[in-house]
There are 4 protein chains.
Amino acid sequence: MSHNTFGHLFRVTTWGESHGPAIGCVVDGCPPGIPLTEADLQPWLDRRKPGGSRFVTQRKESDTARILSGVFDDGDGPVTTGAPISILIENEDQRSKDYGEIARAFRPGHADYAYQAKYGVRDYRGGGRSSARETASRVAAGAVARKVLGEAVRIRAGVTQLGPHRLDQAAIDFDVVYDNALFAASADSVPAWEAYLDGVRKAGSSVGAIVALEIDGVPAGWGAPLYGKLDAELGAALMSINAVKGVEIGAGFEAAALTGEENADEMRMGDDGRPVFLSNKAGGVLGGISTGQPITARVAFKPTSSILTPRRSVDRDGNEVDLRTKGRHDPCVALRGVPVVEATAACVLADAFLRHRAQVG
Amino acid sequence: MSHNTFGHLFRVTTWGESHGPAIGCVVDGCPPGIPLTEADLQPWLDRRKPGGSRFVTQRKESDTARILSGVFDDGDGPVTTGAPISILIENEDQRSKDYGEIARAFRPGHADYAYQAKYGVRDYRGGGRSSARETASRVAAGAVARKVLGEAVRIRAGVTQLGPHRLDQAAIDFDVVYDNALFAASADSVPAWEAYLDGVRKAGSSVGAIVALEIDGVPAGWGAPLYGKLDAELGAALMSINAVKGVEIGAGFEAAALTGEENADEMRMGDDGRPVFLSNKAGGVLGGISTGQPITARVAFKPTSSILTPRRSVDRDGNEVDLRTKGRHDPCVALRGVPVVEATAACVLADAFLRHRAQVG
Amino acid sequence: MSHNTFGHLFRVTTWGESHGPAIGCVVDGCPPGIPLTEADLQPWLDRRKPGGSRFVTQRKESDTARILSGVFDDGDGPVTTGAPISILIENEDQRSKDYGEIARAFRPGHADYAYQAKYGVRDYRGGGRSSARETASRVAAGAVARKVLGEAVRIRAGVTQLGPHRLDQAAIDFDVVYDNALFAASADSVPAWEAYLDGVRKAGSSVGAIVALEIDGVPAGWGAPLYGKLDAELGAALMSINAVKGVEIGAGFEAAALTGEENADEMRMGDDGRPVFLSNKAGGVLGGISTGQPITARVAFKPTSSILTPRRSVDRDGNEVDLRTKGRHDPCVALRGVPVVEATAACVLADAFLRHRAQVG
Amino acid sequence: MSHNTFGHLFRVTTWGESHGPAIGCVVDGCPPGIPLTEADLQPWLDRRKPGGSRFVTQRKESDTARILSGVFDDGDGPVTTGAPISILIENEDQRSKDYGEIARAFRPGHADYAYQAKYGVRDYRGGGRSSARETASRVAAGAVARKVLGEAVRIRAGVTQLGPHRLDQAAIDFDVVYDNALFAASADSVPAWEAYLDGVRKAGSSVGAIVALEIDGVPAGWGAPLYGKLDAELGAALMSINAVKGVEIGAGFEAAALTGEENADEMRMGDDGRPVFLSNKAGGVLGGISTGQPITARVAFKPTSSILTPRRSVDRDGNEVDLRTKGRHDPCVALRGVPVVEATAACVLADAFLRHRAQVG
């Protein structure tokens, strides 16, 4: 996790701005011999890509990924070679327009002011580097990571809270997430949530949400204490997703109100001679190392900052202004955040897998 | 953040086990010319050290830090030289005892099973490397980080929720934290909280808590998007503290229920010609970069896993056992976590400061 | 320096294979506000590009670099924004051909066998990732690094030994290097060297060479002892260039035969009140830190491994074969290595500059 | 390789100054389950420690290493646990003396001026951090690395050139190196070399030397192209040793004078069905990856900078001074550099081994 690279061994470097000619990433450190084509990337990108429903931005991007390096077909189909995999996605719908007001004014809730303060210059076209468009690169990298992990590791996420509407734990069903336009982890909630989000959308407003993540199939032992703890790495990677303001593992913030008795995940011997946990307050991670239980996390997204309601702000010249953000925006940025959460987790896990293999064999 | 090192430029490597001869750290990358003696470290260590009240472990450790390298006195008092600063803290109260049961059985909620599964061997004496004793090294490193940051940056934390008892936002007062044995961020709450925690303690139980963090004085511009975002780095570092299960920045998980209008921190021009934010839902970080507002975060600690109530578990040989953890333990590990949270944040900020200076000058 | 990324703060990640669709790099960590366009890259790429004389490969590549991200024109011309700079160079002359023999046989002196042994798969088309074509990406990155360093730092290299023909120290003149087809650091040597290399070339043979490097204008203080010493970083980066087998700094291997008296660079006070060194056996680096003297190094290149003379080898199937390498090759790969050495040094120095600024301000 | 840490997965952080209370290192990332006690470290430290003959400094140090963490004895003897291994070596013979002149004046050839220029402060006692005393820490770390590598990998070095006296390639015998006080790789050379070095020593002078390195038993496939090439990593690590001014791999600088025909290491099939190289100009590394051949390198050491002959210099106050370095010094610093070269190579290889295992399994 340094500048625009994350990962220690499975390393992903992303680049590109919202309204530049293209975005992309370089995935380095991938094991060799893994079958990989662009067709392996596209389904995941399609889940994140804009324009799929009225609940996401109407920007038109095919998000077609091209692999420019790192795979080779020696007769049995393209496989990774161990060399860096460069993936490029062209920007297709960077509308030429007058950025007049936004070029100088700082949109509240956006990174505009912070970028200007840090760098003294900023690419204000669609948010430039700070745009969530970057997450397409992560999704592409995550697709590679999934291939490294193999099918035994299953990574699933879904919206479990939309604004004030929260699913009961028992209602959560990750299998339905990509079957509804809200990426909701419950089919039953969809009609009411759609009605609610339609209201938000028509009001030119936006709303936050919580995305839950569940990972099955990670064996006990991944993670590198103390500062490369699996939960710390997941925490950092998820927190680095646009609009994320909180991450919790297992019982998370609710653990603060538990007693030691309630929080202890007791163990018994399973039929296969391996320990079985009787609960999963730990969220599959103890001491920074996976326990073999499902890894569970929840990620809080703030509402999209771009709204039609005018907000008070200032500009680069010190003027006070009122700003409303026109254009194409997601009423709830967390929705398309679901595949991003999954992809980010996949990258963290692929890295943890390789690091574990390095140290322990 | 790699294995036992954290930081990119201000780099802290810690080492040592709970019941070994000593613990310590190496702080590398420190700027030269900063006055530094052991007296600068000790007050912070004293805040974390055990034995200070009935609410913390009765293990007796003076936690006396020795500086073995990296400072030099050329006549005007010891200053940092730019070379690595090695800090050593001897373990003094590693009671010689029979670890018989714990040597083989996995204590629920502890890292025992995960370490065994990963490494095939574990130092079970007091939790070995996974013991919270390691946090003394962080606190020492954090004291150095504070010197790097200078007095303009003020880092304060305190307990704002103890088990089910939560402070109102308005009641939070970080100035009283080190004046009460509970590290509570409200003097008024102390009597009731003490009574509550006495009950927990006498029952041989434990409870979780939430520690709030507030950092003033960080100028706009620190942080390195996209994967070295200031909030991502803070998230990882705080999540790497023992027993932490969740981290949120600014409005955090509550942001999920906000609308864009509510979440937008509006801006006006201040009298000094600099922008003023009218709220701080962002927690002082936008796009991964500090905005000049106070940086606010909350950290969820799970309850201490060591409790007197027997819990079901298994051992290395596949036997099912009932375990109760005797010995000296904190009824709420979050209390002494307060100076650890501060120190960890200090290290992250010192690193962010140096990285910002590198790129932007 | 990790996998395909080098640098700590000024970080360059390269990707691409000799006969893939493109090669490129991502330059991350660049300071903001530096004017940068493709026209700043092209002159350096032109120096390295193939086809310029009969002494280099006849592969036809325009080596046109496109900048895809990280610069923005806010009205005063494009400047760096602090975001990653993605540079793409399309491969234009990847001849479609039958790789039959090379696909299975290991060319002596090439990385074929090592790649196959490591990865179990290799892109054999033109050497794939191990081809010197990758160095075009370094040269592009080096052009960015030069902008970071500014004009005060002057980096020059040239061939000072071609096969058995070695220049006297007194004859070395870096100003003529790009005025002759041999990149020779002496105009006088060119006619004889051309005649010699013509003989090598017509014989289908190849020859090694030494490239000297001299860097002026680096102030005292750059470098990060002990393991990020400036000479160690230069050593690693230069050694990572294709075909390089040795690196020496200052007096280098000759220092082994010197006495302490001969090797000591004595100092006097200069007219400007700053120390002046009376010699430069150290090559501008002491204790891993620049002294303000010119930084001098020499780099040994082995001969191009691709030659027409058949060499004995084996193939993937365990057969013994005789191999001659047809196709377009440089008779002396060190020639086009000159701009690569310069670019690599520029990247190391830009990184050292930022790191020094971080720690010392 | 960053500041005072080297390695990516097998990571060594060293600390300490020549005349401070102690020096030491933290070895992180070590695989678990490896038997390790202080007795495994001491023989290697004894080879490097001062006072062993009239040809090395008369400083008295037992160089006794203590292991403070990272090993645990669960009944079958101490083994590594995967946690960081902290090693401490007390300084015993830091003579209390008046550093008056050296405190202000810059000794030619030493790092004094460079450190002062960089940091504005320096620990001038015995060279402080820049003293070769640091190499004891490397040797301790190298002993751990050797345990990671196992006995199949054999790392040997020896002096092959002492001042102007150079061994023929055919005369080199690494088995005798630790049987003579000169660490010479030829028993026959010892009498003449001793007479020569006695003369140097009695004259209060010093001389440089070349140390050759040969590593057997590394399988094909280690190394991580392109910027973590095995030879680049070795080059950096060896170049970071005090007084080293040059590193070459295989034929090294002589490769510059070779033709492609001469340089090609031809291959045939061996009786065991694996390729056999007919020569080793490559020094066991092609394309940055080991080939299975012995890895060969040569390292040039400059003469010890501390000599009795007065040299012209300047001091911190701008005065011109004449300096002679009294005290205890090695007439040829390369001699004790032999175990340091070996240890440094061991660390690089242990890291390469883990990285290879990570990516390829």
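Numbers run from 1 along the shown chain.
From the backbone N, Cα and C atoms, a Cβ is placed for every residue, glycine too.
As recorded in TrEMBL, the features of this protein are as follows:
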type    : residues                                                                                                               : note
BINDING : B:Arg48, B:Arg54                                                                                                       : NADP(+) binding site
BINDING : B:Arg129, B:Ser130, B:Ser131, B:Asn242, B:Ala243, B:Gly287, B:Lys302, B:Pro303, B:Thr304, B:Ser305, B:Ser306, B:Arg328 : FMN binding site
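With all protein chains in the displayed structure included, the most crowded Cβ environment within 10 Å among the binding-site residues B:Ser131, B:Thr304 is that of B:Thr304.
Taking a C-beta cut-off of under 8 Å and a sequence gap of six or more, B:Lys302 (FMN binding site) has these contacts in its own chain: B:Gly109, B:Gly208, B:Ala243, B:Val244, B:Lys245. Among the binding-site residues B:Arg48, B:Arg54, B:Ala243, B:Thr304, B:Ser306, none has a Cβ sitting under 8 Å from a Cβ of chain D. Across B:Arg129, B:Ser130, B:Ser131, B:Asn242, B:Ala243, B:Gly287, B:Lys302, B:Pro303, B:Thr304, B:Ser305, B:Ser306, B:Arg328, which the record gives as binding FMN, the greatest C-alpha separation is 44 Å. Taking the Cα atom of each, B:Thr304 (FMN binding site) and B:Arg48 (NADP(+) binding site) are about 16 angstrom apart. Closeness to chain A is evaluated for the binding-site residues B:Arg48, B:Arg129, B:Ser131, B:Thr304 by Cβ distance, with values under 8 Å counted; counted residues in sequence order are B:Arg129, B:Thr304. A separation of roughly 19 Å, to the nearest angstrom, links the Cα atoms of B:Arg48 (NADP(+) binding site) and B:Ser306 (FMN binding site). Of the recorded residues, B:Arg54 (NADP(+) binding site) and B:Ser131 (FMN binding site) place their C-alpha atoms 20 Å from one another. Comparing the binding-site residues B:Arg54, B:Arg129 on other C-beta atoms within 10 angstroms of each C-beta gives the minimum for B:Arg54. Within the same chain, residues at least six positions away from B:Ser306 (FMN binding site) with a Cβ under 8 Å of its Cβ are B:Arg107, B:His110, B:Ser206, B:Thr325, B:Gly327, B:His329. A 10 Å cutoff on Cβ-Cβ distances gives B:Ala243 (FMN binding site) a total of 25 other Cβ atoms nearby, all chains included.
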